[in-house]
Structures are given as structure tokens and as C-alpha cells.
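Following: one structure in C-alpha cells, then a few remarks.
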Amino acid sequence: MTAVLPLPLPLADPAPRTPRLQREPLRLAKRLRHAVGQAIADFGMIAPGDKVMVCLSGGKDSYTLLDMLLQLQRSAPVPFTLVAVNLDQKQPDFPADVLPTYLRAQQVPFDIIEQDTYSVVSRVIPQGKTMCSLCSRLRRGALYAYAQAHGVTKIALGHHRDDIVATFFMNLFHHARLAAMAPKLRSDDGAHVVIRPLAYVREADIAAYAQARHFPIIPCNLCGSQENLQRQQVGRMLQQWDREQPGRVDQIARALGDVRPEQLADRTLFDFPGLGGGADAPLPDAAGWLAGSAAEHARD
């Protein structure tokens, strides 16, 4: 059966603690609010009158995202509304009462979408293969459909800084491209704007905050338990770097916001042929250069 933690307690834990330990959760909450607020401001994530849909999975990231947005909403410079939405994918042993109980206790407007994507994924994906890609596409489609039907203007996802860096290396290692996760983007069909307010937040801080708040975590039994996934391997690499070279992952995250196209080799982003004069004269293409090389090779 799925393990579920109890409902969250106030940040000020009533148990006897030293003054330093009493202050630490409050400092962490302040640090997270600052990071989330900074990301919202830097990328223009929330505008006046926005209806923000927080995609709530029951994991530590989405709980923290919702908690931060609720706190910021009280003092935000612009008015916006929140709705928490969970997709019940009909996974075996999924505790369907946990999220509604939590959200009612927090007085958060919410909806539960019931769609049996679990059966679809289990039927289509061979046993032992990674389910994450198909599961993600089906989940995204269901959430986009809800957003379209309910006037949602922003879709908030719980990806954090470490997710973004890990995606960069996933693309680098397995797809030979430089790409990560944008903090704000428009969906491929142009109908939805997706935001990632945790873009500046470290996963370790989220884990500590979730523990301090005693969120009722629901583990993912579908994909989270599969071993040897490429993303897990990259995650272990980043954790090792954090242990052996503190600050390295922070530097990589900052580098994603300081791109120099002219110092890369993407010909669609920079006019390399136009450098060095002679830009008005037509330049031979690769076939012209290779023809001479082929002739030399034939003579040899």
C-alpha cells in the first residue's frame, strides 16, 4: 500500500526545540518565497487577473509550489486566483482521499480529474520499459483540456532548479542538443502558457521544507519506482557533484541564463558566413568544397 504522511503542521513546531532550530524552518520558508517571487518577477510569470492552475501530484515539489503561491498571493503586487488540480490516473493503491482532505483543510479551491491513463500506459509500454514519456504526454493532454475548459490563463508546474539542470544534461547526453526547461513557455499548440515558479529553488530546500511542513506525500508507484532511468542517473551525477564540488550545479543553472550564441556552433542562431568580409559575394556550399576533396581522393 502507498505510504502517506500526516497533514501539515504549522511551521512553528510546538515540540521543544533550541532557538536556532525553531528559526530554521521560518528562514527556509522566507528563502523559498524570495526565490519564487524573484522567478515570477524575472520571467513575468503572473499578470493581473490571472487564473493560475497549480498541477498538484501529491509530491513534495507540487505541494511546495502551491504553498509558496498561497503565501505570495496574500501580498502579491497583482491580484490573481489559484486553483489546484490533480489528475487521478487510477494507479493501483492510489489514496484518492488524501489530496481532497488536505486541500479542504487549507481552504484551497480544487478539482480532481479522473482519467485512467495508468491502464493505457501499462497496456502500450512493454514490461520493464520506461513509462515516463507516454505517461507525461497523456497527463499533459488531460491538464491542457481542463485549462481550456475552465478559463485558466497560466499552468503552474513544480519543476525546480535541479529538474531544469538535469533536463539540460539529458538533452546533451541523449539527444545531442543544448536545451533545458524554460521557466515560462507557450505550449506547442499556442493555447496555453506554462510557468515554473520553482525555477530558482534547489531540490534539497524543497525536501527540507516538505519535511518541516509534514506534507502528506503520495509516492508515484508508476514511474518513480522504476530503476536505472536516465534521469535518475543524471540526478545521481548532480548529487555527486554537489557533494564533491559545492556550487557547481548552481553555476550550471546560472549559465542557462547567460547564453552566448556566437560562441557556439548553431548556424541558425549566428551568421558565421558573414564574418570576415566578403559577405556580399556568394560562398560555395559544402558540395563545392567536398567535390575538390573527392577529386584529390580519386587521384590518390
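Backbone N, Cα and C atoms are what each Cβ position is placed from, and that goes for glycine too.
If you look at the motif 'PP-loop motif' (57-62), the same-chain residues 6 or more away from its ends with a CB under 8 A from one of its CBs are 86-87, 98-99, 158-160, 163, 198, 203, 206-207, 209-210, 215-220. Summarising the annotation, Swiss-Prot assigns motif 'PP-loop motif' to 57-62.
Secondary structure at C135 ([4Fe-4S] cluster binding site), taken from DSSP and collapsed to helix, strand or coil, is helix. Taken from Swiss-Prot, the feature [4Fe-4S] cluster binding site applies to C132, C135, C223, supported by sequence analysis.
Helix, strand and coil counts from DSSP across the motif 'PP-loop motif' (57-62) read 3 helix, 0 strand, 3 coil.
The binding-site residues in question are C132, C135, and the one with the fewest Cβ neighbours inside 10 Å is C132.
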